[in-house]
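To start, the structure itself, in structure tokens.
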Amino acid sequence: MTRASLDKQPHEVASMFDDVAERYDLTNDLLSLGQDRVWRREVAKAVDARPAQKILDLAAGTATSSLPFARAGAYVVPCDFSLGMLRVGKKNHPWLPLTAGDATKLPFKDDTFDAVTISFGLRNVQDTDTALSELYRVTKPGGRVVICEFSHPTWAPFRTVYTEYLMRALPPVARAVSSNPDAYVYLAESIRAWPTQPELAERLRKAGWSKVAWRNLTGGVVALHRGFKAV
């Protein structure tokens, strides 16, 4: 089984997600105690997809995250670079236009999408700044980006408990339910190494996004960042 290192070599990350694809959604539901469904609902609200809009759902995995946008009447493109994830997504949701693509070199023309979103995927990209610039490039003027990512709890006592869960409790639980438990050791390590909420906001601004803001979910376990492409 593959476990990616924190230098996030693309072939390692893709292989790791290929390994967990079959049980990915179930494992996430169990490890997050069902909170992942709450977080994804908040993403859908922030994207605010409308009929006939074009939405890019990057790092869509099995495309479960794309369903709310499709139900809203938008044309959603689930995009991922794990072929294993895409195969599962195509089997489960054959009507969606699943697309293989790298976040640092997106296979779309400039100014294509009304909104772009990435949930729990930006942390796995080797070059975060290039990915943010690529998302900006493919977004129409006036469009928005919504990023949902694991982050850093703001209340110190809770942050301590959460860190203990990541490093001590999560790995054995993952061993019981995941087809590749080492992937969840990487998950814990990559969360600890991820930028803080203000740091990620600043990187969004440097990529060109305006009106950047964020709000914390579940006490900062997850942060929802949003920005706009100026008209």
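Note that Cβ sites are derived from N, Cα and C of the backbone, with glycine treated the same way.
What Swiss-Prot annotates here:
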BINDING   T62, D80, D102, A103, S119  S-adenosyl-L-methionine binding site
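Fewest other C-beta atoms within 10 angstroms, among the binding-site residues T62, S119, are seen around S119. Ranked by how many other Cβ atoms sit within 10 Å of their Cβ, the binding-site residues D80, D102, A103 place D102 at the bottom.
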